[in-house]
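Peer 1: Here's the feature list from TrEMBL:
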| type | residues | note |
| --- | --- | --- |
| DOMAIN | A:23-255 | domain 'Phosphagen kinase C-terminal' |
| BINDING | A:26-30, A:His92, A:Arg126, A:177-181, A:208-213 | ATP binding site |
Amino acid sequence: MRDRFVNQALTKWMEGTGKESEIVISSRVRLARNLCNIPFPNVASKAQAQAIVGQVEAAIKDAEIEETAGDLIFVNLEALEPLDRAVLVDKHLISPQHAEEASGKGLILRADEAVSVLINEEDHLRIQCLFPGLQLEEAWELASRIDDLLESKLDFAFDEKLGYLTACPTNVGTGLRASVMMHLPALVLTNQASRVLASLSQIGMTVRGLYGEGTDATGNLFQISNQVTLGRSEEEIIANLVVVATQLIDHERMARQVLLKETNPQLEDRVCRAYGALTSARIINSQEAMTLLSNVRLGIDLGIIQGVSPRVLNEMLVLTRPAFLQKLAGRELSPFERDVQRASLIRERFSLDG
Amino acid sequence: MYCDECKKRPATVHVTKIINGQKSEVNLCEECARAHHKEWSMAYDDNFPINKFLAGLLGFDAGKATGSVSLNLHAPGKCEHCGANYNQISQSGRLGCHQCYDRFQDKVEPLLRRVQGSNRHTGKVPKRSGGSIRLQREIQSLRAKLQQHVNNEEFEQAARLRDQIRELEKGMAE
């Protein structure tokens, strides 16, 4: 079973390493790029889409790219089973949109999954780098280097005034969307989260749930990203986000100290009950699992629970997702069967540490 | 049945709340329900579909910017390069190709200023396709640095930068 976790589920961002990793789960940088003279994916014909896939596939076979970016694997999404594509979504390697309609779509993955290049999603190319902890600068540097190498082979649509041209005007300019996924349970428990996070929109940041636009902030996980992509340099965008993340980390730490001091028995009770439920439950839905895992993780961070790896939350974020459960079971599962499978998987994972 | 809130419009939305085991039911009309929904959903909720929102802005822009019939007549038709027409774009919130930015410039520019707060890229420039603009930007930034060195009376560094700028300018002239 342990092998299964290691071989199939774990990806770099789940390692729980990197700076500030007790609060920042992962850092991601995405660059949107398009090729000149071919319509954007929403308008391109199937033949045009396939031509792009071919061009990009040829471009990455370049030795110099391999040297910088590491071992890159090209995946034709059409050749993957829908369930496998769903697993890639669970691992945050591709977007749900990319997985849904696989025709004429491709993906380039680095062996350690820290780099993925989506071909023909909303834009011709989306270069993504996903690192554990707070490592936005590192992710940007790597994404930019891969961008340079691809640009040396491919003609990108670029305008002197507007910068990189993208299908959606919200990405034009730098094409850069940087985001950090943060675990902020103490801000939520002390009722500060909505106030603090709402204020971010006033400084050009957006806050979303775990799986992007239109999803809830289950498990007290929030994804904070830059909203503006035009008129600011990449370095400014990244630096702003680092400042915001650092402030949120400080707020969260302070809130945790307050909780520890003022409501210790209640906090301990909440954490230990969550641990008890997770290690005993026979049926558990994903929402409940996320909430309990968030509490357990807070308990680990505060030293209330010992002997459990802080990685457990990061890993379970992916492992307890419907697609992954079905992948592990090797067949399609009804929602009820998934809840049973999820509970058993969580018990098994906790027994590894216990 | 009338709406519990305004007591005027017919109730079409029925909400059951269970708080601490106490069940309560509210019957609302669509309008009051919407007002309630806003209250219930959290302030940071970002659930609205961005493309629809943009499409709305584009549509709104079309009405506002054109205003008069004469301008409406010359309202954009089709992008010759990808075939996308303005209708499609304003509905999907997405442009069809890089040339659409040029073709529908008078619609996209005000939108960008509104959504992005700016309409001028100041970031990275691609090495190959960026060509002269990359050099220009580099010269600009070197000039700024040179000025700083002059202000600090660091003439040696300033002279080095001056030579560097000359080199680049030569490159541009070629």
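A Cβ is built for glycine as well, from the same backbone N, Cα and C atoms used for every other residue.
In TrEMBL, annotation is done automatically, which means it is predicted and not curated.
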Peer 1: Restricting to the chain of A:Arg126 (ATP binding site) and a gap of 6 or more, list residues whose Cβ falls under 8 Å of its Cβ, or answer none.
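Peer 2: When sequence neighbours closer than 6 are ignored, A:Arg126 (ATP binding site) has A:Arg30, A:Leu31, A:Ala32, A:Arg33, A:Val117, A:Leu118 within Cβ distance under 8 Å.
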Peer 1: Out of A:Ser26, A:Arg126, A:Ser179, A:Arg208, which binding-site residues come under 8 Å of chain B, measuring Cβ to Cβ?
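Peer 2: Of A:Ser26, A:Arg126, A:Ser179, A:Arg208, the entries that lie near chain B are A:Arg208.
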Peer 1: Restricting to the same chain and to sequence separations of six or more, state which residues have a Cβ under 8 Å from that of A:Ser179 (ATP binding site).
Peer 2: A:Ser27, A:Arg28, A:Arg30, A:Gln223, A:Ile224, A:Ser225, A:Asn226, A:Leu241
Peer 1: May I ask you to report the DSSP-based helix, strand or coil state of A:Arg126 (ATP binding site)?
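Peer 2: Note: A:Arg126 (ATP binding site) is in a strand by DSSP.
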Peer 1: Using the structure shown, find which entry in A:Ser26, A:Val29, A:Arg208 (the binding-site residues) has the sparsest Cβ neighbourhood within 10 Å.
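Peer 2: Selected from the binding-site residues A:Ser26, A:Val29, A:Arg208 on minimum Cβ neighbours within 10 Å: A:Arg208.
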